[in-house]
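Over in TrEMBL, the protein carries these features:
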- B:62-103: region 'Disordered' (REGION)
- B:Asp111, B:Asp113, B:Asp339: Mg(2+) binding site (BINDING)
- B:Asp111: active site, nucleophile (ACT_SITE)
- B:Asp113: active site, proton donor (ACT_SITE)
Amino acid sequence: MSILPSFGFTQEQVACVCEVLQQGGNLERLGRFLWSLPACDHLHKNESVLKAKAVVAFHRGNFRELYKILESHQFSPHNHPKLQQLWLKAHYVEAEKLRGRPLGAVGKYRVRRKFPLPRTIWDGEETSYCFKEKSRGVLREWYTHNPYPSPREKRELAEATGLTTTQVSNWFKNRRQRDRAAEAKERENSENNNSGNNKQNQLSPLDGGKSLMSSSEDEFSPPQSPDQNSLLLLQGNMSHPGVSSYPMTGLGGAQPLHGMHGHPHQLQDSLLGPLTSSLVDLGS
Amino acid sequence: MILSMDYPSYTTFGQNQYAQYYSASTYGTYMTSNSMDGTGSSSAYQLQDSNPVMTVQANELQPEDTVQSPMKELDDRGCRSGGGAKARGRGRKNNPSPPPDSDLERVFVWDLDETIIVFHSLLTGSYAQKYGKDPPMAVTLGLRMEEMIFNLADTHLFFNDLEECDQVHIDDVSSDDNGQDLSTYSFATDGFHAAATSASLCLATGVRGGVDWMRKLAFRYRRVKEMYSTYKNNVGGLLGPAKRDAWLQLRAEVEALTDSWLTNALKSLSIISSRSNCVNVLVTTTQLIPAVAKVLLYSLGSAFPIENIYSATKIGKESCFERIVSRFGTNITYVVVGDGRDEEHAASQHNMPFWRISSHSDLLALHQALEFEYL
């Protein structure tokens, strides 16, 4: 295949070809096309071209190259999701190779902590939740003052958070329900306290700020006194809007830690594992 | 220079009388009176005295009726697009378009004017200006072409009847068809024309024929479909020997003036047609019937099955693209080819790669990309 054709293409056309081949999943052809491009700096800084190179590098298992591309150029937001996936998947694969066996949820969490997303492909916003941290903070703050906003107040909240009034309503409804459930659970736990059955109360990162799991990723060591801690947390967190103060539904509940499907990104937020997945339903 | 003198009414206009076809906002002002005296048509529709009851179905609101406002007045006049009460667009049960191939990988969505053919810019003189051609010559060629297009549309494609009942797609009224044999059917005397041009048509609230009228409408579209399939590779046969020669001559002159623009476009279209995993789709802001006429006259019939032609006059390109995606699915890669404006925007709305055509070299580059299987 002669190199000649590429000289006949404008940058826009090159970008178009890159997009088409990527969307079509024709990565072999894409690789050939990229290889055939003239060594023009301007061309190779084009975002579509870079994205294509990243995809091809990933496809070929050339992860060094992939990381280099992802880290050395600022990408526009609409490309972030795809590129973040590449970054993460590549690191997971490498970690799995080291470990010699597939990665579980916690293993992946650790990988993400060790290799945080570069700001070239990430805007820094915590995205494990559906709503941005900023929005959630506003809602939490409000909740501590009044868990029952009026319709007008909900509208104002919606505006302040960039959410819809339905989302605001649902957030409050869920929050109140979880508070109630947690409260009930707490009462039940303190009754069962002397039974010594701590298995269901494991949720190690109660003290937040420390490392997530001390032991292997397959097991969670139960904290010393889960009930006290959880109580503490419940009470303590109420006055700290900055800290996630969701009720510990998952703590005493029927959900053992293994059921934590979410990927707790930040330490104090790992408490919200089970809540995270239900938050997903809120959309956005 | 061959200038057909059979239709004096066309040549007396100082400016392009069909300009209103191209801009949505002036569509409604096209004179319907022309069609009554049979000027330019070889088959005169006979006016009948019948005054069919036309009922308004004002409450129908299809997804595609939420249209840009210039089209509103069109919708309110006369016959609204047929089959209104029935589902149109996505998920229609009665869409007889052939189901997409299971091995389909790419759909190329083409714009027509100034992408595949050079037509409008001949009339406005902009092509001549850009490429240093003789402006009056360009305009004359444009006018002759235009005459041919609308002549064909009027004569063989029922444009007189259908222009106010413009559809997006050839199958959009098929649900009103009863499938009866049309080989001996007389379109000239079935009363459709009278109903369509009767005064009651122009009520602001809009009128519509009953089931009977809708069926006749469907027959016409079916007949257009049949004509297309018969003559798509042989429009000369449809035109008849005299016009055919004039047409060949005109085509040759246009190709010469435009430095083989169409020929170049056809190269790419052919490659795509020949691939079993690719199709060509046409989305144009020309109304459907004239668009079909253009496709026939520019010998594009082999590149575009009639079911792949969409007119964006009523619903806009973005909505057309949506229909296309619903039809072919999301597992396909779409490539939009156009000269900018609407199609570029519509493409970006659907995250479809866009190949811009602004000059010959863009067409050549596209051809190259296809030849080297980059696209």
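Note: Cβ is positioned from N, Cα and C throughout, glycine not excepted.
Annotations in TrEMBL come from automatic prediction, not curation.
Shown on the structure are the features that TrEMBL records.
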residue: B:Asp111; record: Mg(2+) binding site; Cβ within 10 Å: 25
residue: B:Asp113; record: Mg(2+) binding site; Cβ within 10 Å: 18
residue: B:Asp339; record: Mg(2+) binding site; Cβ within 10 Å: 19
Cβ-centroid neighbourhood (8 Å) of the Mg(2+) site, B:Asp111, B:Asp113, B:Asp339 excluded: B:Leu112, B:Glu114, B:Thr115, B:Ile116, B:Thr284, B:Gly338, B:Gly340, B:Glu343, B:Ile357
